[in-house]
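Undergrad: Starting off with a structure, shown below.
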Amino acid sequence: MAASRPSRSVSARDISIGCERLDGAGSWDTLEWTKIEPVTRSVSHANFEFLLEAERVLDEGHGVVLVNTDEAGTLFVTNFRLLFLVVKIQSTSRNTNKSSSRRLLQIIGKDMRIIVFCFRPRTKQRRAIFDALSRCTKPERIWDLYAFTCGPSKFSNLSPKVRLLNEYFRLLGKGFHHASMRMIEDGSFTMSNDSWRISDINFNYSLCQSYPFALLVPKSVSDDEIIQASNFRARSRVPAVSWCNPETGAVLARSSQPLVGIMNTRSTADEKLVAALCAQLIDGKDSRRKLYIADARPRKNALANGAMGGGSESSSNYFQSEIVFFGIDNIHAMRESFARFRDYLDTHGAASSDGMSSFLRHGGWTWGGGNLSSMSASVSTLGDSGWLIHVQSVLAGSAWIAARVALESAAVLVHCSDGWDRTSQLVSLANLMLDPYYRTFTGFQALVEKDWLAFGHPFSDRVGMPSISGSSFELSRNASSTGSFSSSPLRQSSGSSQASNSSHAQNNYSPIFLQWVDCVSQLLRIYPFAFEFSSNFLVDFLDCVLSCRFGNFLCNSEKERQICGVDESCGCLWAYLADMRSSEGRSHAHYNLFYDTLKHNGPLLPPAAALAPTLWPQFHLRWACPFESQAGELEAECRNMAIKFSELQKAKEVAEMKAKEYLAAMEILNVDLQNEKQVSSSAMNLAKRASKENAAIQRAVQSLGCRVNFTNSSDSTVDVESSLMETSQRLSLPRRESEYTMEHNDRSDLSVSITVDADDVAPSSSPLGQVCETLCPLRTQGRGCQWPDAACAQLGSQFIGLKANFDAFDRLSIYDRYFKSE
């Protein structure tokens, strides 16, 4: 098997047969490219080693041509994705030129991809593939999605409720507390500080079905007042705290539009709740901070909603307030803009869905899909899509909110119509600018789970996935059986087609979350040192969101996910991404090499001039312009250099450790050498002392008129010759192991024992004994020699007492100083 192309998530929400586009639900989301060479026409499903757990093949088509790349192969539809196995076989029958007999199937993806497959006529393979895709994109139950079929596997999901409470604790300055399911069950999570508290008023979702089970609200407002205020807000989405500064007291809150209607209705409870957001203590006195109410809609839209019972606040009803309109269009405008943007990339890309390079589309060397005279037209087409304008509007609104909170310590309340689309974009992006914590992996997860998942962004409707009430979209089919390319085939605007085939009310798909991630990528481009994660992480993150492989982004609210048992039944996207990063550590492509915690440890407040967005190459261009999409090549090269530097750093550390070990060994050897020198010096000193003691013994013996001779043998033989005796008595001095030993304390026992060879010689008859008794002035009358207990030994006399067998002298030690050294 040859190397496979990178697996990327793609939606099958838009499927067309022939040249007609069809709208369908998008539960099937992934297209993987795998090349096998050579391969037979019959491919066994058992040989699909690349199939994921619980993934199974539903249908297949042989001899299918991928028009985008003009490659033939086998197309498989699984319960999770499409697999296209490219067969590298020369074929002269394949013809992708204009023909009325071709059977075409177009798949338009949420990840900017437009794919066209060509089937052989009269095989009914296109019908089978389309029906299989229809079953996948419109399952009868949400539990038929691959995320539930696969199960959590090794990517188990800790309860998002626990993570939400931990984020609330952090905002309250009580990060040392750690939430648990037991804390949720017994209701002990309702903590507070001086200004804010965690309320469990929505624990059973009785207050608002699209809000989280716990809300961060002003401490001075009771739960009963919150219930009263909820009646004044659309879908009961009352003002709730999204972020607060524990030092300045500045707060960022969110809600839905007020139900003022054309009669300009007021609510005392709502006004009190909003006023509590502005309360602050200065020198122990209550004060009010400036309140900004940021309405994300255009002013005219807000007025139109007023005619239907909605509308916007009046600054006269909210003390010290200012109303600001950001003019961001609704979900339908975003959907149509994204469709035009996608068509532009497919039309003017290096490779498009018709298999023809944009340089050759009109039969000559052209630029941007036309001749040189059409340059301005091509650029205007990109501008006409409006996508970058919308991105800039969201960025500018978020930067304005962040500046009011950071620079003025103001209170900002953000809402749109329902408070779950544009509000989520603005609030979460402002949080990202304000708090460096949200620019880390852990903080980014907490931000998404708080402001998008917990506060009820309807992912099932917006991303195009089925909800617990059934599929979000209808999948229709146009009975066109043949397909042919026009001069610019398949160029009908997807936005205009959708607008003509279905009303806005029937189609709630909109790339709101994708647009927000696009805004994050723009901030990452402007501030490359401020984010722990890289653009590659954002791309993989989006692919996982669109893939339906994990349960985090299923359903429309926290309540629906709880009903479906998503946490227990599906895998966790965050655990999957963390597992990817753990394989390579900080050298993984998800890590930003330039991240510096000290460079941007405060809020990011980009000026308006810096908020000019550009294409996000890694995401927007990866299919239409794969070579140009490698804007991250420089980053990849830097990453390789960083890896090499890290390896060299590790080698340096190993070398330094070895050098330290060698130095430690040398120090030990030096200490041992010094000890040996000391021992040698001590031995030499002891030897000298022993020599002196021997000389002293020799002189003492000679003082008795005897002559002593020492021999160099194991037993030192002493010959004693005396003028008083005619015969000489041979004495033997045996040297034992304990004799002549030396210790480090300079006190060794050097003992000499003198024994008479003849054991039967009595002390009184010994010539030396007689000499001692005769000459010793200290002997006792009637008693024999008492040496070494006698007084002569105590006084260090030159007289030496000898007794039978000389066992007393055998106990004599040279160190006892019986003889004075000279």
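Backbone N, Cα and C atoms are what each Cβ position is placed from, and that goes for glycine too.
Positions annotated as domain 'Myotubularin phosphatase' by TrEMBL: 176-620. The annotation substrate binding site is assigned in TrEMBL to ASN330, ILE331, CYS416, SER417, ASP418, GLY419, TRP420, ASP421, ARG422. Taken from TrEMBL, the feature active site, phosphocysteine intermediate covers CYS416.
Looking at the shown structure, what environment does each listed feature sit in?
TA: Cβ neighbours within 10 Å of ARG422 (substrate binding site), excluding its own Cβ and spanning all shown chains: 29.
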Undergrad: When you look at ASN330, ILE331, CYS416, SER417, ASP418, GLY419, TRP420, ASP421, ARG422, which the record names as binding substrate, what is the longest CA to CA distance in angstrom?
TA: 12
Undergrad: Where does the mean pLDDT land for the domain 'Myotubularin phosphatase' (176-620)?
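TA: Taking every residue of the domain 'Myotubularin phosphatase' (176-620) together, the mean pLDDT is 85.
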Undergrad: Restricting to the same chain and to sequence separations of six or more, state which residues have a Cβ under 8 Å from that of ASN330 (substrate binding site).
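TA: Within the chain, ASN330 (substrate binding site) has Cβ neighbours under 8 Å at ARG297, ASN301, SER417, ASP421, ARG422.
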Undergrad: Given the substrate site residues ASN330, ILE331, CYS416, SER417, ASP418, GLY419, TRP420, ASP421, ARG422, which other residues of that chain have a Cβ within 8 Å of the mean position of their Cβ atoms, reported in sequence order?
TA: ALA296, THR423
Undergrad: Among all the protein chains here, how many other CB atoms are within 10 A of the CB of CYS416 (substrate binding site)?
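TA: Here the count is 28.
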